[in-house]
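Annotation comment: Swiss-Prot describes Tyr234 as active site, proton donor. Residues annotated as NAD(+) binding site in Swiss-Prot, with sequence analysis given as evidence: 47-52, 73-74, 110-111, 138-139, Lys243, 272-274. Summarising the annotation, Swiss-Prot assigns substrate binding site to Tyr224 and lists sequence analysis as the type of evidence. Under the heading site 'Plays an important role in discriminating NADH against NADPH', Swiss-Prot lists Glu74, citing sequence analysis as support.
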Amino acid sequence: MIIEPRMRGFICLTAHPTGCEQNIKNQIAYIKSKGHIEGAKRVLVIGASTGFGLASRITSAFGCDASTIGVFFEKPASQGKTASPGWYNSAAFENEAKKAGLYAKSINGDAFSNDVKQQTINLIKKDLGQIDLIIYSLASPVRLHPTTGVLHRSVLKPIGATFTNKTVDFHSGKVSEISIAPCEGDDIENTVTVMGGEDWSMWIDALKKENLLANNATTIAYSYIGPEVTEAVYRKGTIGKAKDHLEATAFSITDSLADLGGKAYVSVNKALVTQASSAIPVIPLYISLLYKIMKSEGIHEGCIEQMQRLYAQRLYTGNEIPTDDKGRIRIDDWEMRADVQEKVAKLWLEATTETLPEIGDLEGYRSDFHNLFGFGFEGVEYKADTNEMVNVSSII
């Protein structure tokens, strides 16, 4: 079939398998160009199919020559209907890993469930024995709690007062004002249950109980802080409470791994175009201004550049891992530079529908968004008849 982007709001309903494959190849080429990283050799990535999780898997495999197991929840293709991009990404990743002689297997299912944890445990026992590095990179709006059976939904809302600020429809470029009502009832509790650290902790406990964690094993989860302008809806909102919980969980996991010399860290990453961030009001406008500044300064990074820097300059330098005063690894350091934030804050005040094409990088935003779904890559023949029915080789 001829596959074209079909949009509904901030979601693209189609994905292009050849474009997703090109995306993987581009990321692998970048990692290889930066040279070998003396890092983990047996890596589990929970949330391995898109964004930072996918980039972590690529960096582990093609930077460190690691064997990788990836867990994700993606939709395979059906006749005439494309798969989700993460499915095509994972299929392409496994193919490239196989060509390079690297072990790569995947599990498709709900990572919050006991069943998927058990499947993963069985696979590690059978194939790898133990794990050196566990990356936890889940972004889900819902979580079916494995113990209580309750379905929890996360919300992106401010706490205490309505938040009003600018936002942009990144398809049309229209800048408008948006008001978001504050959370109520169980909103905070539900958001913490979905996006906090409980499931991360459950994964580590399950792996440790089965003796699947190597000595000095490391686990990393990802977080975001961001600027003042997004604070009310992000870091000081419901999602911020979940991130606080995630960050606190790193310390309790580290305590539980003391007998193995293991450590848990949260890495604070930069703002990037992902399916998750596109859904958050205010963030797309901030990102389009941030991109403009960071590109002009020569310090712009995508997911793969961020993960390469995390591995090569933070995790695996041979020295102690540098952290901030709250024990977090910071690779949002270039985004949060005072000069960058000052410039973004100034542009924020000037941003209108008319000025944004000039002062922001809406084109860069749109391009990155299309790339998430396998569209807009050089060297891909988008007018060609494409087979949507692609398998992930390790998943029957």
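In case you wondered, yes, glycine gets a Cβ from its N, Cα and C as well.
Annotated features taken from Swiss-Prot, shown on the structure.
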residue: Gly47; record: NAD(+) binding site; DSSP class: coil
residue: Phe73; record: NAD(+) binding site; DSSP class: coil
residue: Asp110; record: NAD(+) binding site; DSSP class: coil
residue: Leu138; record: NAD(+) binding site; DSSP class: coil
residue: Tyr224; record: substrate binding site; DSSP class: coil
residue: Tyr234; record: active site, proton donor; DSSP class: coil
residue: Lys243; record: NAD(+) binding site; DSSP class: helix
residue: Val273; record: NAD(+) binding site; DSSP class: coil
Expressed to the nearest Å, what is the distance separating Val273 (NAD(+) binding site) and Tyr224 (substrate binding site) at their Cα atoms?
13
Check: min Cα-Cα distance from Tyr234 (active site, proton donor) over binding-site residues Ser49, Phe73, Lys243 goes to Lys243
I need the CA-to-CA distance for Gly47 (NAD(+) binding site) versus Glu74 (site 'Plays an important role in discriminating NADH against NADPH'), whole Å please.
10
Let me know how many other Cβ atoms fall within 10 Å of the Cβ of Lys243 (NAD(+) binding site).
24
Based on Cα distances to Tyr224 (substrate binding site), point out the closest of the recorded positions Gly51, Phe73, Glu74, Leu138, Lys243.
Lys243
Near Glu74 (site 'Plays an important role in discriminating NADH against NADPH') (Cα-Cα within 10 Å), the binding-site residues in question, chosen from Ser49, Gly51, Asp110, Leu138, Lys243, are Ser49, Asp110
For the recorded positions listed here (Glu74, Asp110), which one has the lowest count of neighbouring CB atoms within 10 Å of its own CB?
Asp110
Radius 10 Å, atoms counted are CB only; among the recorded positions Phe73, Tyr224, Tyr234, which position scores highest?
Tyr234
Same chain, 6+ residues apart, C-beta under 8 Å of the C-beta of Gly51 (NAD(+) binding site), given in sequence order:
Ser137, Ala139, Leu272, Thr274, Gln275, Ala276, Cys303
Is it possible to get the count of other C-beta atoms within 10 angstroms of the C-beta of Leu138 (NAD(+) binding site)?
21
